[in-house]
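Novice: Annotation source TrEMBL lists active site, proton donor/acceptor at K80. What TrEMBL records for G180, V181, G182, N183, V184, A185 is NAD(+) binding site.
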Amino acid sequence: MEIFKYMETYDYEQLVFCQDKTSGLKAIIAIHDTTLGPALGGTRMWNYASEEEAIEDALRLAKGMTYKNAAAGLNLGGGKTVIIGDPLKDKNEEMFRAFGRFIQGLNGRYITAEDVGTTVADMDIIHEETNYVTGISEAFGSSGNPSPVTAYGVYVGMKAAAKEAFGSDSLEGKTVAVQGVGNVAYTLCDYLHKEGAKLIVADINQASVDRAVNAFDAVQVGVDEIYSQDADIFAPCALGAIINDNTIPQLKAKVIAGSANNQLKDTKHGDIIHEMGIVYAPDYVINSGGVINVADELYGYNHDRAMKRVSGIYDTIEKIFAISKRDEIPTYVAADRLAEERIERVGKSRSQFLQNGKHIITNR
Ligand SMILES: NC(=O)c1ccc[n+]([C@@H]2O[C@H](COP(=O)([O-])OP(=O)(O)OC[C@H]3O[C@@H](n4cnc5c(N)ncnc54)[C@H](O)[C@@H]3O)[C@@H](O)[C@H]2O)c1
Ligand SMILES: CC(C)C[C@H](N)C(=O)O
């Protein structure tokens, strides 16, 4: 991979490699764009097959956060970290402290939070070294685990998508096929069950399936069977790239609305489902509840205020459907347009020079 060429093509600002021998930390912080504000994005810990794969993931995820934060109306740019290692075996306290010091060194250009493979406890350790971390324990007056709030955002976004597809946002009696019933999807299933939706679930982890079957009368199907279920709504809540050449022909659902990041394998798959008349709630918009929640910490965390803001995902999804119809474009393109236009507008308005103390030259 030609890193500078890639960074130039997609206009990345900064890529930081962090190494600490004592703890075994190998982390890559990618900052994509800070036009709207400091880059906020979680830290993913994953056993990457190669360094190249880790770099690519950091870059791709950081850009995704730029779009997610912009579309959510947050005054934040996009960034992400990947730590190379197995989250079940390779974590230690020194690692997250060393990582916290690297974040502190960026002096606020990057703020972190949880992502796949990291937890509230990890964020608490990072917090020993820097204040540029969110999603720390509620005991610190912080927002804690973002997953339940992400689930609430997916739930309201799914209702907006149901309204578009079925003429009503009620999910009562609707069948929802949920792929992956982990942290986010378990709470999502709770909301859906309470509203009277019927649930079909699949997960590679049998304990997670059992939990959903017992709590919500969900029906279990095999992991490869989830796409072809006779469902009204397909909710991908596990992996990326699951809307692809193999899965699209299997889909019967009229709506795709779930928490997973990077659901479309390629942009062409967004075009295909659009042509098929499937209502697709763009992933980074419907799953922005977690980042909206942690971002509220920058104002002194208030749960009610954060939840109110997260409920706005309903309106944002409706706005995207309206742009999609108006401009005759797929919804994923409409979401990108919403984000890019905001970044451009704010970028222009910030281009005037503003005097501050640092521009006065004294004592040279
Ligand atoms: N947690 C958040 O606040 C948040 C915010 C935004 C986006 N997301 C995205 O939502 C998704 C779920 O996040 P989470 O925090 O619930 O993660 P999680 O790890 O708790 O849950 C994912 C679940 O998917 C299952 N799974 C993995 N591969 C599978 C497969 N092939 N088929 C079926 N199930 C499979 C796992 O066993 C697990 O139960 C991820 O893509 C994540 O990036 C999460
Ligand atoms: C800041 C975090 C809560 C971000 C979350 N991991 C996401 O992908 O949106």
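Every residue gets a Cβ built from N, Cα and C, even glycine.
Note: TrEMBL annotation is automatic and uncurated.
Help me understand the surroundings of these features in the structure.
Specialist: All protein chains considered, the CB of K80 (active site, proton donor/acceptor) has 29 other CB atoms within 10 Å. Under the three-state DSSP scheme, K80 (active site, proton donor/acceptor) falls in the strand class.
Non-local contacts of N183 (NAD(+) binding site) by the CB criterion (under 8 A, 6+ apart in sequence, same chain) comprise N145, S147.
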Novice: Can you count the other CB atoms that lie within 10 A of the CB of G180 (NAD(+) binding site)?
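Specialist: Total other Cβ atoms inside 10 Å, all chains included: 26.
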Novice: C-alpha of V181 (NAD(+) binding site) to C-alpha of K80 (active site, proton donor/acceptor): distance in Å?
Specialist: 24
